Ligand SMILES: NC(=O)c1ccc[n+]([C@@H]2O[C@H](COP(=O)([O-])OP(=O)(O)OC[C@H]3O[C@@H](n4cnc5c(N)ncnc54)[C@H](O)[C@@H]3O)[C@@H](O)[C@H]2O)c1
Ligand SMILES: O=C(O)[C@H](O)[C@H](O)COP(=O)(O)O
């Protein structure tokens, strides 16, 4: 059995070789010749999976080690009887930690406290709900917008986007890219929404580039719109607009979800799905794959639970991940053909906050840090 895997999928060789012969290939584009004789294909978001790629091949299963699935024509796969699995939630924690880092950097730069702000979360799924939980732990007010969940009667409250645009200081987008349908999210942020946004707000897009109309955003920023902007995703990728990159406050190469844990979960989720598909179910505990982090333990002195200072939180967070390490390289190489994908391929190892164990003096501080996503213990 021949299994093709994207070369940017850590641990794929180790795991999938338990099931068959593994060949690692580039994902953008997949070399067509490699598909000859392949039984299964494991991709990332850069590969368009559709009839053009797979018609006439023997591929019987496709896995994508990603949360988003807009690159996959799942209706066509289903019509062909080809098995399919994504990796929902695999990298949600990484995206949340990216958003926290960006927000606390902007707060420090502009002299405000996150605790004094209202954060509007658009799309309250795996990423959005984890973001809400951590913001809540810190005492930050949130407003949620998720029409599909509202229609299902899920516990909210959920509000229309217009309310978030009018009232939230920070607007952060975590929807799938729906190109059509009742919950269309393509250009959810368009010229009209941008015009309606009051001054001095923060806009974050860490879901899919086209959720924000990039041309309209550039026009607004060029027109003097007072808006802090954080973009991890672009319309289009990899050929993002260089003027837009220059105009945003933080810009990164679609790496918000790129923690080692997030990527490893993506691989294990599709591995488990494929082994299930073959009738040979296997589970892979994440801890058996991950290396020891560079920094694994620090001590925090004193009782900080009552009012965890945001400067202290920033320092703790940035012992693990600081989004500026990804902003600077993109600005250096954007516009050079191939470099956007190279930044992603040779991504410096990044861990999640849970990899840092914080020793605390008291239980309340340890409990708060645990709610925020760190590992914490009493010393
Ligand atoms: N930048 C990155 O590295 C990165 C990493 C992970 C995920 N993503 C993207 O972020 C998206 C969200 O990730 P997730 O894991 O939370 O997905 P998810 O499917 O768990 O959650 C998405 C939520 O958005 C809601 N939604 C759908 N259409 C909407 C609309 N028009 N308006 C408001 N809400 C809407 C859904 O009901 C759902 O609750 C993914 O689909 C993916 O495209 C990007
Ligand atoms: O949808 C996702 O899971 C993310 O956008 C993911 O981080 C994209 O990474 P890629 O598959 O492009 O390497």
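Here the Cβ of each residue, glycine as well, is placed from N, Cα and C on the backbone.
As recorded in TrEMBL:
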ACT_SITE  208  active site
ACT_SITE  237  active site
ACT_SITE  254  active site, proton donor
BINDING   45, 66, 258  substrate binding site
BINDING   146, 175, 232, 257  NAD(+) binding site
DOMAIN    5-279  domain 'D-isomer specific 2-hydroxyacid dehydrogenase catalytic'
DOMAIN    109-249  domain 'D-isomer specific 2-hydroxyacid dehydrogenase NAD-binding'
DOMAIN    289-373  domain 'Erythronate-4-phosphate dehydrogenase dimerisation'
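What TrEMBL annotates, mapped onto the structure for a quick look.
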{"residue": "45", "record": "substrate binding site", "DSSP class": "coil"}
{"residue": "66", "record": "substrate binding site", "DSSP class": "coil"}
{"residue": "146", "record": "NAD(+) binding site", "DSSP class": "coil"}
{"residue": "175", "record": "NAD(+) binding site", "DSSP class": "coil"}
{"residue": "208", "record": "active site", "DSSP class": "coil"}
{"residue": "232", "record": "NAD(+) binding site", "DSSP class": "coil"}
{"residue": "237", "record": "active site", "DSSP class": "coil"}
{"residue": "254", "record": "active site, proton donor", "DSSP class": "coil"}
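Taking the centre of the Cβ atoms of 45, 66, 258 as the substrate site, the nearby residues of that chain (Cβ within 8 Å, site residues left out) are 44, 65, 67, 68, 91, 254, 257, 263, 266.
Of all Cβ atoms in the shown protein chains, 27 besides its own fall within 10 Å of the Cβ of residue 66 (substrate binding site).
Summarised as a single figure, the pLDDT of the domain 'D-isomer specific 2-hydroxyacid dehydrogenase catalytic' (5-279) averages 98. The Cβ of 237 has fewer other Cβ atoms within 10 Å than any other of the recorded positions 146, 232, 237. With a cut-off of 6 Å between Cβ and the nearest atom of ligand 2, the recorded positions 208, 232, 237 reduce to an empty set.
Ranking the recorded positions 175, 208, 232, 254, 257 by the distance of their Cα atoms from the Cα of residue 66 (substrate binding site) places 257 first. Candidate recorded positions: 45, 66, 175, 208, 232. Those with a Cβ under 6 Å from ligand 1, in sequence order, are 175, 208, 232.
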